[in-house]
Amino acid sequence: MSDIFNSPQNKASILTALMKSTTGDVEDVLIPKRFRPAKDPLDSPQAAAQFLKDNKYRILRPRAIPTMVELETDAALPRLRQMVEDGKLKDTVSVPEGTTAFYPKYYPFHKPDHDEVGTFGAPDITLLKQLTFFLLENDFPTGPETLRQVREAIATLQYGSGSYSGQLNRLLAMKGVATGRNPNKTPKTVGYTNEQLAKLLEQTLPINTPKHEDPDLRWAPSWLINYTGDLSTDKSYLPHVTIKSSAGLPYIGKTKGDTTAEALVLADSFIRDLGRAATSADPEAGVKKTITDFWYLSCGLLFPKGERYTQVDWDKKTRNIWSAPYPTHLLLSMVSTPVMNESKLNITNTQTPSLYGFSPFHGGMDRIMTIIRDSLDNDEDLVMIYADNIYILQDNTWYSIDLEKGEANCTPQHMQAMMYYLLTRGWTNEDGSPRYNPTWATFAMNVAPSMVVDSSCLLMNLQLKTYGQGSGNAFTFLNNHLMSTIVVAEWVKAGKPNPMTKEFMDLEEKTGINFKIERELKNLRETIVEAVETAPQDGYLADGSDLPPIRPGKAVELDLLGWSAIYSRQMEMFVPVLENERLIASAAYPKGLENKALARKPGAEIAYQIVRYEAIRLVGGWNNPLLETAAKHMSLDKRKRLEVKGIDVTGFLDDWNNMSEFGGDLEGITLSEPLTNQTLVDINTPLDSFDPKARPQTPRSPKKTLDEVTTAITSGTYKDPKSAVWRLLDQRTKLRVSTLRDQALALKPASSSVDNWAEATEELAQQQQLLMKANNLLKSSLTETREALETIQSDKIIAGKSNPEKNPGTAANPVVGYGEFSEKIPLTPTQKKNAKRREKQRRNQ
């Protein structure tokens, strides 16, 4: 192919497309040199600790974990004994209850590495050459620009997991957001109670109650598994987890699938110990001791996220994932998942700004465009919210706004308010009775926020302070969505200033939440008209042919969760395409087959490439003539290779969502056959008709809008009344109390008929006893709700104790976390006491 490229005519065409010149081989210009990261200066604990100290970042004094001991699974999880006998659970579990302790260590892999670039993260040079070849073979007007963009992406980006320097610099940036020019503020400081935030969330994130069959929040996690060996009745109500993901502390190097039994044992132990502590003579002290004993459940592994980073920022920016301990993830998900699974309410099906559960396919994008055009016609402002993304339509201009390092803006009180919302609006029966007990209320409201917000993380053998919430925890989306809600509410209260004005940016200081304007799309009405009028009349979704359009359609670049809108003449509606920058980056750098189980199968790598090229076509490549032509050719070529090997392609492609980074967006689509126009029709055909005015109102506060609720809170007409839980629970309590009072009145001594003072005194004592019972009942009947509401209103967050380590040399001791030295660390008094108590409990079972 090199000879073809270097012919005088082709060489001139290629250089013209790339806007470059050379007297040598054209491939020297076409193909960028492979990126090799510089030597990482912070790849040792000593260097990292000194770097953090120099930048005044808090290093924690190392805390130890008891050494692992083997227990019989059926003894640790007696309810699941049958699963052990049937081989569904392993015979023994390893739990941290030894008589000595160890310091944990975690050294993540960073690829590509300075010393070994390897094949990981290599750019798709074959696709680049195919693009060049088809550029010469066809006369696509946008072809030169596409080739130039892909080549530029290869030259400036790099897929990989960054570096230690990038991770540490990211920590500093997160601290800068949390404590810098605009320090974080709690909702109370901004001026919101938890009930007021709940009222706002009823508009911005409407939720339903969990299914009736879902167990209440009253049980230890292992009780959510009903197993008898009968497939017709066996069922697990535990939240879904990705079994191939990291198990976190204390099981470093293992997956969730490896440690399911251990996670259940630890989660059970933690929630039970928490329950005992919460009902002890000194609940706060007891809870603190429990958290300290299980400190590792609030320490996440600082995992470098694989992304397409810019090469120039390789040592400056690596996104960190706070890999939560499996038991912590399990407990948090038990609170959120049953509610959110039943709450796919968003702007396309409900009168809410929320985009939760939104899919651009099956008419989703067209619904968004219909709502936008309706707002433009009525000259109304429009707002949409998804996690740390805010979208505002105002004065014919579309604004895409992101919270700056969104997770860093979070405080424990933000998460506490979200827990309050889930319990009072989700985990509550129609009669007002709570579906949770005091133990779970204590965990959700007082303990969980401190476990994942402003907690700690582990990198190398350094235990570090985490500023804001750990990214990737089970509440990341929910907490971010709450913070975006606060920003939008303050925007409404301020009179909806234009996002490009100082008045809008002043909301940062008011809310303690940093944000940035990612996109300003002016003249949106005219852009939409242009997209319709210039829509292609040939090719995919135009004339029904299985070819790309000669000239791509005009995209309405909303940046809506990474998607733009294209008008289809065939379907007479808008359909989604991936944002061009993201599409080009995906084409330039494949992520590779990350599913290790699939990777071991013969032909898996070839199947991955088929999936990759078909996915690129599906998410928007079909609208780019040159990219579509090259990707289609590559896909067909790889299919033939599998056929020659005698491998059935459908065996892989049925599970294609495990291979593609876009699998979650295209769930249910089969790639057993190459993409055709009919494929695009099928994936974009609406499931039902749509009228924006016919969307139902939010379930909890119908006939109210976000503007009305915000205005009511601001004006003082909103009095922060008791929630429905309180009112209905009060009614039930009064009914029970009145019964006792009636009994007391029946015993009331009658002076006209009773002369026996001893008898009268005895009856009076009975009456007083019943009245005391009534009074105690009035208090105890509200205990469950009061622990969830009253405690929250006092902003009480209970956290374990952690001490800063001022000497980085001590924190980075290379002996820490290695061999016999670490295992000879004595247990703390709390660890010793709890180990003895658990051993006694097991003997008594």
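Cβ coordinates come from backbone N, Cα and C, glycine included.
Among the features that Swiss-Prot reports, GTP binding site is placed at Gly248, Leu249, Pro250, Tyr251, Ile252, Gly253, Lys254, Thr255, with the record citing sequence analysis. Residues or ranges marked as compositional bias 'Basic residues' by Swiss-Prot: 833-845. Residues or ranges marked as domain 'RdRp catalytic' by Swiss-Prot: 384-588. Summarising the annotation, Swiss-Prot assigns region 'Disordered' to 686-706, 799-845.
Listed binding-site residues: Pro250, Gly253. The one with the lowest count of other Cβ atoms within 10 Å of its Cβ is Gly253. Non-local contacts of Lys254 (GTP binding site) by the CB criterion (under 8 A, 6+ apart in sequence, same chain) comprise Ser246, Ala247.
Listed in sequence order, the residues Ser246, Ala247, Thr259, Leu301, Pro325, Tyr326 complete the 8 Å Cβ shell around the GTP site centroid, once Gly248, Leu249, Pro250, Tyr251, Ile252, Gly253, Lys254, Thr255 themselves are left out. Less than 8 angstroms from the CB of Ile252 (GTP binding site) sit Pro104, Lys105, Tyr106, Leu301, each of them six or more residues away in the same chain. With DSSP states grouped into helix (H, G, I), strand (E, B) and coil, the region 'Disordered' (686-706) comes out at 4 helix, 0 strand, 17 coil. Computed over the domain 'RdRp catalytic' (384-588), the whole-number mean pLDDT of the model equals 95. With a 10 A radius on its CB, Thr255 (GTP binding site) counts 17 other CB atoms from all the protein chains. Around the Cβ of Gly248 (GTP binding site), the number of neighbouring Cβ atoms within 10 Å comes to 27.
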